[in-house]
Amino acid sequence: MAPAVRFSPAARSLFDEPLAITVQGLSPRQQVTLRTSLQDETGELFEACARYQAEDNGELDLARCPALPGGSFSGLEPMGLLWALQPQKPFWYFMKQDMQTPLRLLLEVFEGQGPPPGQLLAQAQHERVFLQDGVQRVPVREGRIRATLFLPPGEAPFPGIIDIHGLGGGLFEHRASLLANHGFATLALAYYRYEDLPQDPSKLHLEYFEEAVNYMLRHPQVKGPRLGLLGYSKGGELCLAMAAFLKNIAAVASINGSVAVTVIPLCYKDKIIPTLPFDEKRVKVKQYNILDYSDILNDPFQVPGHQSLIPLEKVEANLLFITGQDDHIVKSKYHATETCKRLQAQGKENFQILSYPGTGHCFDPPFFPLYPIGKHPVFHKWAVLGGELKAYSKAQVHAWPKIQAFFNKYLNDK
């Protein structure tokens, strides 16, 4: 019997779901190297490899067989060949723009434990998809809103979530599309540098985000009377501000967001929240001239008058802070911890924190590659974002179902 790769699910799986991998038909205790590769939509290649020894019956089941030292990871890691994928081009971010096309994962099995790789014994392809059958992708161009709505299959109405990304602008759909597979009507909302939205706004107006809330609550397939908000980085900050000033918000999950307004001032009606001061002189230069901006923002709790702080004491929604303990852009764990202390002192209990060691600023759903160094969204220089491969992969897998459970609890509550 010639060696053969078996996947389960066999042909295709959702990008955020586990994939079982076995190799059959090897010799007893045969040593092999497994290599996975994936090309993103720009053609950039991501690869991972691991060394294994087959069992006595010639089978290699990644759920039972630990990876041996010398590859991208070692130990019993059934999904290691996915979470350890890293770009061949340094500091390249894994981006998915067209949610309607699959990504093709190639798995190759080589004789021995190179490098260089030995003889190719077997290979197989598997599709990783972002939309399960029946999920609808609906471009939204209504009033000022520029967004994409993902609607789950099945019987409407569905609990509604607005998903907002970080600084840099544009429209990011990957998280919203995956949430729709889990039963949420999710609006991926752009707010600048997209189509006819402002390119470099001097202010952000909460009225724009209020319009998105009203759009969702009017939608016949979205369950009212309240919505969930999910934001990453600047998006997390905006979601917290929406919960402080707007009505009909039941639950907010902020991923590595600041609790003070940063970079772009925020307006609502006649109120302006100024940005948190920063001092670029506090930047640190690391190896290869990569910069560490982790200390440049002033402490929002120490700034006189606390003018930049979002008034979270006004929030009635439930708050979930998700923080990377190795975040080098926002001191997100400190922001969340200090905020929750203050809420607690006021007799509030509407908050929880999930905090992850070895996890940096970039925090995507499961099996997205680690992105520890990237262009800073404000200074446009190479910057430390933080994170360590194995710890980050565990954080992704732990946080993702927690986020869904949080929204299910507060959006489906009768």
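Glycine too: its Cβ is placed from the backbone N, Cα and C atoms.
Pulled from TrEMBL:
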type: ACT_SITE; residues: SER233; note: active site, charge relay system
type: ACT_SITE; residues: ASP327; note: active site, charge relay system
type: ACT_SITE; residues: HIS361; note: active site, charge relay system
type: DOMAIN; residues: 205-412; note: domain 'BAAT/Acyl-CoA thioester hydrolase C-terminal'
Among all the protein chains here, how many other CB atoms are within 10 A of the CB of ASP327 (active site, charge relay system)?
26
Restricting to the same chain and to sequence separations of six or more, state which residues have a Cβ under 8 Å from that of HIS361 (active site, charge relay system).
SER233, ASN256, GLY324, ASP327, HIS328, ILE329, VAL330, SER332, LEU385, GLY386, GLY387
Let's check the environment of SER233 (active site, charge relay system): how many other CB atoms sit within 10 Å of its CB?
26
